[in-house]
Amino acid sequence: MASIRRTLSPVYHDRPYENGGAPFSPSSMSSPSQKSSSKHSSSQFLSYLAKLSGATSDLKSSRRGGWRRPFYQFLAFFLLGFLLGMTPYGQMEDVNGTDRFSFEIKPPPNVEERKENSVDGVSFVAESETGKKEDFNIVPRKLVIVVTPTYNRAMQAYYLNRVAQTLRLVEPPVLWIVVEGNAASFETSEILRKTGVMYRHLVCKRNMTSIRDRGVHQRNTALEHIELHKLDGIVYFADDDNIYTLELFQSLRQISRFGTWPVAMLAPSKNKAILEGPVCNGSQVIGWHTNEKSKRLRRFHVDMSGFAFNSTILWDPKRWRRPFTHPTRQLDNLKEGFQETTFIEQVVADESDMEGVPPDCSRILNWHLHLDARDVPYPQGWTIQKNLEALITVK
C-alpha cells in the first residue's frame, strides 16, 4: 500500500509566537477574550501586591511609634505619685536654718531622768468599782544570804535537811552558802541538790587544827565569796545544828545595816536554858543580857546566830563610812566566845548603828542547843551496803 507522508510547512517554523509559546501551546491557541482576561487578572494581582506592601509599611511604622504613648502615661502617673508623697499632710515643726544641717548627736529626751530613777519599787494605780484610784507599790525583796559551815558527822544529814526545810518556806530570793572543809563530800552534795533551795557549795582549803578554828575559816571563806562577787543582801550565819523560826528569816529583810536579837541556848549542864542578846527600847539597843560571868568582858554580848548585817559592808566600805579598809573577817587567835564581839567591832562603831529585831527584842527567834554527838560512826551516804543481820526471825 502506498503511504501518504505530510510534510510540515516551512511557514510555520519561521512564524513568531506570542509570549514565547510553542506551536500548538494553550497560550498560543487561546482566544483574544482569554488574553484580555489574563491581562486584567495580572493587573489585579499587581494592585494587591501594592496594597500588601503598603500595609506592611504601615504596620512597621505603627510598631515603631506604639511604645511612646504608654511611656508617657507611666511618666505622668509617676510624677503625680511623687508629688503626692512629698505633700505634708500633718503639722511640721519650724526648724531653724542653723539646725537643719547640724550633725550633732543629741540624746533622746528624758535620758537623765531615767538614770536618776531607782528600781527600789514599782507603783501601779488601779481604779476600783467606786471610781477611786488605789496605789499598789511593789518593792523588791532583799536577798537573804544564809552562811552555814558544816562537816561530815552522824547528824549532818538530819541538820542540813532541817535547815533546808525551813529555807524552802522563806519567800525568795534566798541564797544558801554551805561551806565544807578540805573537800566537798558526796553526802552534802546529794542533800543540797534535793532541797529545792538556791545554794552554793564552797570548800575551805585552809588547814584547820581544831573544831573551833574550822567554823571560823569556813565562815571567812563565805565572806570572801560574797566580797568577790559583790552579792547584795543580808548576811546571816546559821549553823546547821541550830533551830530557826520562819519569822526570823522574814525579819532579816527589815535590817538596814546591822540587826541583832536575843538567842535561847541550852546551858552546858543541859539542865536549863539561858538567854543572851540585846535589850531594846523599840528598835534601839540600850543594853545587853548574859548569864555567863566569864563573857562579861566582851564588848557585845551576842551569839553567832544572833545577828545579821548588810553585805555591802564587806565590799563597799565608803558607803558606810568605815574608818578602815581591810577585809572584814573573823579571827581564829581568840578565846572561845570572843569571835562574835571582835567581828561585830569591825562592822559597827557602837550600839547606835544597831537595830533591834523584832521591835523591843521581845521574841525568841532561834535556839542554840549544842546537842551534837561527835565521833559517832555512821554508814557512808546513809545507805545500807548489805543486809542487816536478822536478830529476830519470823516463824
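Glycine is no exception: its Cβ is also placed from the backbone N, Cα and C atoms.
For reference, TrEMBL has these:
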ACT_SITE  Glu340  active site, proton donor/acceptor
BINDING   Asp241  Mn(2+) binding site
COMPBIAS  24-40  compositional bias 'Low complexity'
REGION    1-40  region 'Disordered'
SITE      Glu276  site 'Interaction with galactose moiety of substrate glycoprotein'
TRANSMEM  71-90  transmembrane segment
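Listed by sequence, the residues of this chain that lie at least six past the ends of the transmembrane segment (71-90) yet keep a Cβ under 8 A from its Cβ atoms amount to none. Here the Cα atom of the residue listed as 'active site, proton donor/acceptor' is found 12 Å from that of Glu276 (site 'Interaction with galactose moiety of substrate glycoprotein').
Straight-line distance linking the Cα atoms of Glu276 (site 'Interaction with galactose moiety of substrate glycoprotein') and Asp241 (Mn(2+) binding site), rounded to a whole number, equals 18 Å. Glu276 (site 'Interaction with galactose moiety of substrate glycoprotein') is surrounded by 20 other CB atoms, counting those within 10 A of its CB over all protein chains shown.
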